[in-house]
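Taken from TrEMBL, the feature domain 'Potassium channel' applies to 94-150, 206-283. Residues or ranges marked as transmembrane segment by TrEMBL: 21-42, 96-116, 128-158, 194-215, 227-244, 256-276.
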Amino acid sequence: MARKRDGGCCPLPLNEDNARFCLLAGLILLYLLCGAAVFSALERPSELRAHLLWDQQLANFTLSHRVSLGALHALLRQYEEANGAGIRVDALRPRWDFSGAFYFVGTVVSTIGFGMNTPATIPGKIFLIFYGLIGCAATILFFNLFLERIITMLAYIMRWCHERRMRRSGLGAVSGAEEPRSEEDSLEGWKPSVYYVMLILGVASVLIACSASSLYCSMEDWSYMDSLYFCFVAFSTIGFGDLVSSQREHYEAQEAYRLGNCLFILMGVCCIYSLFNVISIIIKQTLNWILARLACPGRRCPCSCPKRGLRSETDMISVNDFTASNKVSLALLQKQLCETAQQGPRQSHVPRHNGFSGGVGAFAIMNNRLQETSVDR
């Protein structure tokens, strides 16, 4: 049970991180249950119709060709096995020539895993385990480093825009005797907005997806909606495999299309991964707000909440305060944005006994943990 403060009404959480973890786990479970209910309602009728249609086709085929249903089922099972080895009714490009194998390893290390071709031999499966272990780790590191660099670039761009706005408003050259009207009007007090970073990454992801969808519409004969669906599934590394690009045997301008396909997937995965990391910070602060509301369920907490833990950033009282509190509670990422925009992080007076520091998003989590565990005691 949670302990209560002496003379107060707000229970102290046993562990802030554990509380956030349990809340997130519960919300994810609820999210999964809601998603399952929606997809079951949307897709189950179509599945039942497909089963009914298939049974009718089997019955008509056996009657018209005088074939026993058992023999037909045996043939279909054999085709399923051949399908797993890459045999299709329509001619497709070879799966295991060099270009096909290169496409396969790209889907492995990027964790997309379309599933259109998989190793069939025991040596191939064993090699995939070790190959994927190193390749996936290296690619995740690449995505994290890309995230750091793209946020650095965005910070420079936003700083340049902020300086230009200050010059236009007459605040660009502040003399020694002249003080800026507010901290936001000075370059020292300026911080790039995390929401702008999320917006820019979102716009970039949409532009890449729309451009790639136009390419897939013309080359793959997919509808535009199917192309957008494929882009999200591929860029987010979900990789269902129901739609896979660049699988036909021949295309017009085949080499150029395959190169463009690889570039679009690479850029899309990098942008979506960066966007996911920024959105995850917003989700984390939403959890903090929910936990703070649970700790102080009244509109105004009659006791003095401790100035640490969940309520160290701000006393979040109402839903209307949520947006304002996010601007304060996202200070960590904003500090990193500000440091990169001002050409490198400020040097701390505290000596560091290790090389683990900095980072953004998932990369920062690993660096911080390494830094905590490697400090000389």
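Backbone N, Cα and C define each Cβ position, glycine as well.
Residue counts for the domain 'Potassium channel' (94-150) by DSSP state, with H, G and I taken as helix and E and B as strand, are 41 helix, 0 strand, 16 coil. Long-range contacts of the transmembrane segment (194-215) within the same chain: residues 150-151, 154, 158, 224, 227-228, 230-232, 235, 257, 260-261, 264-265, 267-268, 271-272, 274-275, 278-279, 281-282, 330, 333-334, 337, each at least 6 residues beyond the stretch ends and with a Cβ under 8 Å from a Cβ of the stretch. Within the chain carrying the transmembrane segment (21-42), a Cβ under 8 angstroms from the stretch's Cβ atoms is held by residues 283, 287, 290-291, all 6 or more beyond its ends.
As a summary of secondary structure, the domain 'Potassium channel' (206-283) carries 57 helix, 1 strand, 20 coil according to DSSP.
Proximity of distant same-chain residues to the transmembrane segment (96-116), defined by a Cβ-Cβ separation under 8 Å and at least 6 residues beyond the stretch ends, is recorded for 86, 128, 131-132, 135-136, 138-140, 234, 237-241, 244, 246-247, 258, 262, 265, 269.
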